[in-house]
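Okay, structure first, notes after.
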Amino acid sequence: MESRTDLISEKQCGCTYSNPDLAVQQESSSRWLVADVESLLGLPFNDLIFQAQTVHRQYHDANGVQLSTLLSVKTGGCSEDCAYCPQAARYHTGVENQAILSREEVVMAATKAKESGATRFCMGAAWRGPKQRDIEHMTELISAVKDLGLETCATLGILKPGQAVQLKQAGLDYYNHNLDTSPEFYGEVITTREYQNRLDTLDEVRGANINVCCGGIVGMGESRTARAGLIAQLASLDPYPESVPINYLVQVEGTPLYGIPELDPFEFVRSIAAARITMPRAKVRLSAGRRQMSEAIQALCFLAGANSIFYGDKLLTTGNPDTEQDAALLEKLGLHAL
């Protein structure tokens, strides 16, 4: 296992990654250690942002932002106990259960998303994992969205062997299955699903040649070490995810995490920067929690290497800035949709 200590010592001077060879060395290394990511997170803010922006420019259009839209195609009634989730059946959050949407309803939503500028359409379902009849319905939805010329993504929970292949055959481009947090902190948030279940599902997705969308949530009461552990785990996947959504906890009344102290927004920006440095080719997505961020914090996230957002006024069951707000912010910052 190769350590990043030599690279991090160079980072202290604020010049790391101005040399492309260092970025190549970083990307080709097999693993990130938690201690090394924690050292990144502890850098002076300006140095960390500079390094992240330098890496970002080596691999991406510096001013391009990919727009994705997320739709809940089956809402509420989930049997899991994820402490952050308003869709868990055991919590009283006011979320109404909704049966899986029809093909016509999904096509209508996807058409609207495309007209608003989205290039990727993600469909989420609140269950532990899909049954075969659910997979068959999802393949119809995926094919219909694909026919509109959009990239397709689905987040359906734990996949059984063979299910990912069916989704791939229907035209699925990305499968989302987040790790949520570090292995060490995981048990504080979820007890009904093992961490290994998540890794096994990611293996199923990779085995079907579907692109991986995998990230986590920060602000759940975890330590900086735990945030470093999440990023190290993601960056050490082989290969690391093509898409990395970083969520800022949205506290929903009725969930166990409601009312905990909020994470300092600058710590969220640091997490974005560390994700960019450790996974240079990935799309790093600002996901849930943007509505509670100022425009200035969002701008810092883009500077730190975020180059994707969820676009639309709702993410599953939680609020999101509306498309007009986002369009105005992108224009203000001189950013453009990819």
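Using N, Cα and C of the backbone, Cβ positions are placed for all residues, glycine too.
The [4Fe-4S] cluster binding site feature in Swiss-Prot is assigned to CYS78, CYS82, CYS85; the stated evidence is sequence analysis. CYS78 ([4Fe-4S] cluster binding site) carries a strand DSSP state (E or B).
Annotation source Swiss-Prot lists [2Fe-2S] cluster binding site at CYS122, CYS153, CYS213, ARG285, citing sequence analysis. Cβ neighbours of CYS213 ([2Fe-2S] cluster binding site) (same chain, under 8 Å, six or more residues apart in sequence): CYS122, CYS153, THR155, TYR174, TYR175, ASN176, HIS177, PRO241, GLU242, SER243, VAL244, PRO245.
Mean pLDDT for the domain 'Radical SAM core' (63-290) in the predicted structure: 94. Annotated domain 'Radical SAM core' per Swiss-Prot: 63-290, in sequence order.
Here the binding-site residues are CYS122, CYS153, ARG285, and the one ringed by the most other CB atoms within 10 angstroms is CYS122. For the [2Fe-2S] cluster site, the Cβ centre of CYS122, CYS153, CYS213, ARG285 serves as reference, and the other residues of the chain with Cβ at most 8 Å from it are SER68, LEU70, ARG120, THR155, TYR174, ASN176, SER243, PRO245. Residues CYS78, CYS82, CYS85 make up the record's [4Fe-4S] cluster site, and a Cβ search at 8 Å around their centroid adds GLU80, ASP81, TYR84, PRO86, GLN87, ALA88, ALA126 from the same chain.
For CYS82 ([4Fe-4S] cluster binding site), the same-chain residues 6+ apart in sequence whose C-beta sits under 8 angstroms from its C-beta are ALA88, ASP180, VAL189, ILE190, THR192. In sequence order, CYS78, TYR91, THR255 are the residues near CYS85 ([4Fe-4S] cluster binding site), counting only same-chain partners six or more apart with C-beta under 8 A.
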